[in-house]
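S.K.: The structure is given below, and queries will be raised subsequently.
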Amino acid sequence: MANEEDDPVVQEVDVYLAKSLAEKLYLFQYPVRPASMTYDDIPHLSARIKPKQQKVELEMAIDTLNPNYCRSKGEQIALNVDGTCADEASTYSSKLMDKQTFCSSQTTSNTSRYAAALYRQGELHLTPLHGILQLRPSFSYLDKADAKHREREAASEAGDSSQDEAEEDVKQITVRFSRPESEQARQRRVQSYEFLQKKHAEEPWVHLHYHGRRDSRSEHERQYLLCQGGSGAENTELVKSPSEYLLMLVPPSQEEERDKPVAPSNVLSMAQLRTLPLTDQIKILMKNVKVMPFANLMSLLGPAVDSVAVLRGIQKVAMLVQGNWVVKSDILYPKDSSSPHSGVPAEVLCRGRDFVMWKFTQSRWVVRKEVAAVTKLCAEDVKDFLEHMAVVRINRGWEFVLPHDGEFIRKHPDVVQRQHMLWTGIQAKLEKVYNLVKETTPKQPDGQPGPAGLLSGEQRVQAAKSRAQQNHALLERELQRRREQASGSAVPPGVQIKEEPLSEEGEEEEEEEPAVEEGEPMDTSPGGGRLGRLTNGLPAGWAAGGDGFTGPPPPSGAGPAAQELRAFVEATFQRQFVLTLSELKRLFNLHLASLPPGHTLFSGISDRMLQDTVLAAGCKQILVPFPPQTAASPDEQKVFALWESGDMSDQHRQVLLEIFSKNYRVRRNMIQSRLTQECGEDLSKQEVDKVLKDCCVSYGGMWYLKGTVQS
C-alpha cells in the first residue's frame, strides 16, 4: 500500500493495435552517429532487399566536402578498387570514394514481442514488427581491390612467360566423370555450409525506392501506423483481461524452448532433469548409467522424492540382478532399431541381452564364448552386452560390475519376489528360443565359501577329473569298435597312434579354457574342448600316416541333426573344395544365424562332430607342413579338402593336394610339371588355372592352399 501511494497513477492512455503494416514493418538500426546528424540527412543513393533472407543493402553518399574527409585516402581506395580505367562497371565513377554500403543482419529471429508505438492525441497505437535489422558498414570494396591486384599480378606473369616461350606447350587434360550421388551424400551436401551460402547467393535482389522522412509518400505510409478502427469494439484483440493482455505483449520465448533438448543424452544436467516427471528421470538415468544400486538412484533423485514412487517407476525400466537394477533391453534397443555392428534387428538383440542378464542372476561370472555360442550373435554385439553390466577379468571371464546388494534384498522382499517371478518367465522363454537345458545352481561343497555359481580353481580341477573319468570308458569302447571295423587291413607302417594322457596338469589347463574370452563359439556340447585336443583334431587311431591324409571314419549317427549337418558340409565343399576348420566353423555359424529359432542344429554341434561329418562326406584332411614360426591357430592348421567331386578335374586336384601335403608353398612351374608328370599329358593353361582357382591362392609369387597363407 505504501508503494502504491508513493507511485500514483498520473494518466490512463487508451492502447490500440494497428495491423495495416503488421507483415511489412521493419526496424533498421544504424551505427551510432553524432546527435546533431541523422541518417535521414544523408542522401540514400540506392536500396535493395532479399525478402526470404530479410537481408537489406543501403548505399549512402559520403560528404567529400567535409573537412574531416581525407581526399588522398579516398582517391587511393578508388584506384585500388577500379584501377586506372573508368567505365560503367566501376564502383567509384568519380575516382573518389564518395559512397558507402551498409549491409543488414538479423538481431533476433523472434520479433513477436516487439512493436512500434505511435503516441497521438492521448492514444497509443502499436504495430507489431516483422523484423529487426542491424545495418553495418560493408567492406566488399576491399575484396574487389584484392581481386584486381591478383589479376594484375597474373597478367604480368603471363606477359613474362609469353616473352620467354614463343609457343605454349601442349598440356594433358584429365577428364573425370562424377559417380551417381547417393541419397545420404545428397542430404549431407544440402545441409553443408557451402550449399546454404550458394542458395542464399542465388536469391535475386529486389530493388527499392528510398523515401526520406519529409517525403509525401512517407507521410502517407505513416498514417498506417494508426489503428484504422474508430471504436474499441472493433479492436477485439485488446478486449481481454490484464493478464491475457500482458501475455500478448510479452509472450514466452519460443526460441529458448526450441533450443532446449527434450532429454539429456550424454551429459546430464541435474537441474534440467529434475524438471521432468519422475518416471522420465528414472528412465534417463538408467539409460545412461545401465547398472545402478537403489541407494545411488535415490541420492541422484534427491531427498524429497518418495522411495515407494521410485520403486514403482524403476520396475518399469529395469530388472533386478544380484540386488542391483539393470536397465531393460527394450529401453536400449527400441523397436525398429538394429545393431550398428551386424545389422541384427532389435528383437534379436533384446533376446541376447536378456540371456546375459539372466546368466548374471545365476552366477557372478559369465563367459563370452558361451554367450556367443548360444545367442549366435557377433562378437561385437556380445561384447556390448557384457560391457553394459560387467568387467572382464583376464583368464577368468566377465564379472558383474557391482557387488551383491544384500541390504536391498532384505529391505524389499516383495520386490525381490516379484522380480523372481519375472525372471522365471524370461527363463522359460529363453529355454524355448535357444533350446536350453534347464540349469540348476551348482551346489557348493561343505566348507567352501563364495557365492553360488562361483567355483574355485581346485573345484574346477576336481570336476574336470571326474568328467574325464566318466568319458574315458566311453571313448575307449568307441575307439575299440572303430578299430574292429577297420581291422580288414593292418595298421600301415610308420603310423603312431597318440593317446592323450589324463593328468592333473592337463585337466587343469583344459578346465581353464572356457574362461578365455576370444574362443570360437562352436564347442557348445560337453567335452567338445577336450576332443579338439587329440591328434590332428581327431580321436586317437583315426590319424593316417605317411601320405598326409586321414580316411573317413564311419558315420557318427543318423539323427536329424546329423543329417542336416551332413547336408550343410556336402553343399559347402561342393562350392569350396578346400577349407580350414576355422573357416568351416565361421560358415557354419553364418548358416545357423539364417535358421529359424528351435531348429534341430541348435541342439549343439561340437568340433568333433563337425570333423567327423566332414570326413564321412568324402573329404580328407591335408596335413600341410606349416613353418615352425607360423602364426596360424590350431583350427587354421587343420585343412580339409573334397577328394572326389565327380568332375573331370578330380585327378588333377588330388595331385595338387599331394603336393601341398609335403610343401607349405609351391611355385606354379613346379605344380605344372608335376601335373604333367602324373597325368601323362600336357595340360593347357586353362586347366591348370581351374585347378589352382579351386584349391589355391597366390601371394608374393607363390601358391598356397586356401586359408593357409600368412601375410
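Backbone N, Cα and C atoms are what each Cβ position is placed from, and that goes for glycine too.
Note: TrEMBL annotation is automatic and uncurated.
I grabbed these lines from TrEMBL:
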COMPBIAS  146-155  compositional bias 'Basic and acidic residues'
COMPBIAS  474-485  compositional bias 'Basic and acidic residues'
COMPBIAS  502-521  compositional bias 'Acidic residues'
DOMAIN    444-711  domain 'DNA-directed RNA polymerase III subunit RPC5 C-terminal'
REGION    146-186  region 'Disordered'
REGION    440-561  region 'Disordered'
S.K.: What are the helix, strand and coil residue counts for the compositional bias 'Basic and acidic residues' (474-485) according to DSSP?
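M.R.: Going through the compositional bias 'Basic and acidic residues' (474-485) residue by residue, I get 12 helix, 0 strand, 0 coil.
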S.K.: Can you give me the average pLDDT across the domain 'DNA-directed RNA polymerase III subunit RPC5 C-terminal' (444-711), rounded to a whole number?
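M.R.: Averaged over the domain 'DNA-directed RNA polymerase III subunit RPC5 C-terminal' (444-711), the predicted model reaches a pLDDT of 68.
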S.K.: Tell me the residue counts in helix, strand and coil for the compositional bias 'Basic and acidic residues' (146-155), as DSSP assigns them.
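M.R.: DSSP classes over the compositional bias 'Basic and acidic residues' (146-155) add up to 10 helix, 0 strand, 0 coil.
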